[in-house]
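What Swiss-Prot records for Cys179 is active site, acyl-thioester intermediate. The substrate binding site annotation in Swiss-Prot covers Arg76, Gly77, Gly78, Lys79, Ile80, Thr81, Trp82, His83, Ala148, Ile149, Gly150, Gly161, Phe162, Ala163 and is backed by sequence analysis. Per Swiss-Prot, compositional bias 'Basic and acidic residues' is recorded for 57-66. Marked as domain 'BPL/LPL catalytic' by Swiss-Prot on the basis of sequence analysis: 38-218. The region 'Disordered' feature in Swiss-Prot is assigned to 57-77. According to Swiss-Prot, the feature site 'Lowers pKa of active site Cys' maps to Lys145, an assignment based on sequence analysis.
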Amino acid sequence: MIDSIRSSRALIDVRRLGTVDYRAAWQQQRDLADARVAGGPDTLLLLQHPAVYTAGRRTEPHERPLDGTPVVDTDRGGKITWHGPGQLVGYPIIGLAEPLDVVDYVRRLEEALIKVCADLGLDTVRVPGRSGVWVPGDAGRPDRKVAAIGVRVSRATTLHGFALNCDCELGAFNAIVPCGISDAGVTSLTAELRRPVAVDDVVTSVADAVCDALDGVLPVREHSPGARVASAM
């Protein structure tokens, strides 16, 4: 079994918060990170945001909304993205074990979300050089991102996290260059599976998969376009 990436052996405190303003959730993350550094528990926040654009540290001016829509600038990695209703956002506030391996941490988050998609009947992959979880291009369509990941690690503690598109309004992504990637698309579980998949339908399985991946119960496997994860259905 793969070792846990966490420095604590205690269970992760999973909190389902409903809908939370982005700035309020960001402050809550910082407060929880301070508490974790002081010896508090690892925490996983699961929630939705009112519609908002957020920009990571590498966002370029031309990737922002063309109409001047306000953007919240953050201290996470990555570029610009959208959060809003119908998208499950997860913020793991985790103390990482030494030696720190941020790439492994991101791969574990991807693994968890790939499993959730597979259990729903959707084959997803990793795309080399691009974080997140992707539906491979087919029938003339490009690769499509169904889950985005952008994290920050400070004092060996993680902040920010992932966003899984369930039944969100995909048109909101048209005003930006999502994650700075112009040659790929954005999709949702509902769009790909052609049936409604709401946040409430996946929140429990996401919580379980993330905890299992971080603790090594769910091992990281190869999920490239040439080695797709098998559907569980």
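Placed from the backbone N, Cα and C atoms, the Cβ positions cover glycine too.
The number of other CB atoms found within 10 A of the CB of Trp82 (substrate binding site), across every protein chain shown, is 27. The maximum pairwise C-alpha distance among Arg76, Gly77, Gly78, Lys79, Ile80, Thr81, Trp82, His83, Ala148, Ile149, Gly150, Gly161, Phe162, Ala163, the residues recorded as binding substrate, is 16 Å. Residue environment of Ile80 (substrate binding site) contains 26 other Cβ atoms, counted within 10 Å of its Cβ in all protein chains. Per DSSP, the region 'Disordered' (57-77) is made up of 3 helix, 3 strand, 15 coil.
Counting in whole angstrom, Ile80 (substrate binding site) lies 14 from Lys145 (site 'Lowers pKa of active site Cys') by their C-alpha atoms. Reported as a whole number, the C-alpha separation between Gly78 (substrate binding site) and Lys145 (site 'Lowers pKa of active site Cys') equals 14 Å.
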